[in-house]
């Protein structure tokens with residue numbers, strides 16, 4: 001009987017085999033590769049031939065003059081993005097829900113989630129063009145209004161906010177979909193009851209729509225906790241320059257420069273390992289919270 | 001239900017429409033502007049005369065980039081990558097999602113396998129070990145390096161397996177009664193019933209491959225092997241002094257050409273703009289399903 005069952009399950013194992021093998025080689029082997037963080041790694045000597053140096057790489061990282069600022073930039077940018085990335089789509093979804101014209105609603109959605117599908121290369125190319133202090137259209141408007149040209153991508157005071165604003169611009173439409181679906185799922189009789197009780201539009205929004213969205217808001221807020229150390233490598237890498245390292249350099253860009261440009265493999269892996277480790281805790285915590293608060297399960 | 005015919009209500013409605021209209025225009029204007037720049041003469045563009053309409057309209061930029069071998073070659077690499085990556089990703093996503101959608105009583109190791117895949121979301125080796133592994137398996141400087149390491153997109157697998165679980169089990173059961181095996185049931189019954197999620201994952205996969213640039217930057221040692229996104233990163237963003245040294249003189253001089261940059265941005269975005277209207281009606285369903293299933 002047991003053998004029968006094993007035989008019956010065999011095709012399912014076969015289906016998983018190729019995927020499991022690729023994941024093993026390209027996801028699990030690199031996990032073992034983090035031992036580079038404890039080595040004076042030299043590529044020609046390999047993982048087993050390089051000298052073990054204990055925690056030296058970590059000591060080096062913690063003593064780097066810039067590391068505190070980079071961690072701060074990472075947290076600052078990502079937390080601002082999370083907050084803006086939650087509030088803006090919620091607000092837009094609520095406003096869009098008030099729209100009665102289906103045509104308007106549909107067209108609006110189609111237009112605003114388009115940027116989500118464009119890469120940060122395309123978006124950065126556009127931003128570099130329109131935000132340029134000399135020929136960019138944004139600064140021409142600023143000047144026409146009597147202001148002074150702003151170097152959005154080269155000024156440390158502006159750069160983090162340019163990142164947050166452009167991230168919201170790219171992603172809010174896409175996030176709106178989920179909130180709008182949550183609103184659609186609200187039982188219409190709740191609105192009827194509210195109208196009976198004399199609730200106007202504002203009160204319906206406040207006492208029916210928002211509470212109805214709350215489970216989804218809580219869910220997405222907790223899940224975003226896992227991203228606190230991801231400030232958006234693709235965006236920052238394509239928009240930053242040495243003049244804004246002070247306000248815009250994040251962990252992932254630092255890892256890239258140290259690891260790929262300077263070829264300090266051990267040090268870069270050490271920073272990456274610290275980041276992965278903290279992220280592991282944060283993601284686990286976020287899944288646990290999402291499970292407890294919103295009964296969410298990944299699979 | 002929201003009936004409110006008061007003056008305040010009408011004012012709110014008008015303001016709301018106006019505001020949302022403004023937001024959607026703001027989303028699109030930057031794209032329209034860059035498109036207009038790409039169609040304008042370079043003197044008009046550098047004099048800052050272009051708004052949302054081309055000035056001294058010309059197709060010169062497009063004519064130039066479409067005759068540029070480097071650009072066409074990069075476009076070709078991207079097409080090859082997208083085709084190979086699409087085939088591999090879709091096959092493996094379906095093949096992994098189906099067994100994982102089974103209940104533990106039908107597939108005892110299901111939960112163990114599921115954790116095996118989900119663990120890769122929770123922890124990763126990071127940039128350097130990832131690169132060294134790909135290097136050690138000989139995929140650096142080949143198109144397979146852009147396709148094989150990411151062949152199992154775990155998020156898409158989860159999206160798909162959750163859809164599979166929602167299918168009525170009776171249809172499968174009756175097929176098993178008739179003697180069909182798992183492979184037949186998957187191919188003949190489950191896949192045809194799952195078109196909404198397959199279309200969603202197909203869109204994500206294609207867009208993901210077309211947009212990916214970082215792996216090209218890290219894994220390809222020569223700019224002539226770059227896919228289009230990586231090539232554009234080099235030509236339009238050019239924040240990478242290391243790779244710039246690999247460019248020809250004519251390429252270096254054109255980097256300063258605003259209209260050429262704009263045309264390349266637009267052609268790079270074009271495939272996405274083309275598939276978007278056809279596929280976008282599918283994915284609203286898919287996304288909602290994947291992110292907020294009860």
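Every residue, even glycine, has its Cβ placed from backbone N, Cα and C.
Feature annotation (TrEMBL): of A:212-233, A:234-255, the stretch labelled transmembrane segment is A:212-233. Proximity of distant same-chain residues to the transmembrane segment (A:265-290), defined by a Cβ-Cβ separation under 8 Å and at least 6 residues beyond the stretch ends, is recorded for 33-34, 36-41, 43, 53, 57-58, 60-61, 219, 222-226, 228-230, 251-252, 254-256, 258-259, 296, 298. Ranking A:12-38, A:70-96, A:108-128, A:172-191 by CB pairs under 8 A with the transmembrane segment (A:212-233) puts A:70-96 at the top.
By number of Cβ pairs under 8 Å, the transmembrane segment (A:172-191) is matched best by A:70-96 from the list A:12-38, A:70-96, A:108-128.
Same-chain neighbours of the transmembrane segment (A:108-128): 92, 96, 99, 153, 162, 166, 169-174, 176-177, 180, 234-235, 238-239, counting only residues six or more beyond its ends whose CB sits under 8 Å from a CB of the stretch. Beyond its flanks by at least six residues, the transmembrane segment (A:12-38) meets 47, 50, 52-55, 57-58, 265-266, 269-270, 272-273, 276 of its own chain at Cβ-Cβ distances under 8 Å.
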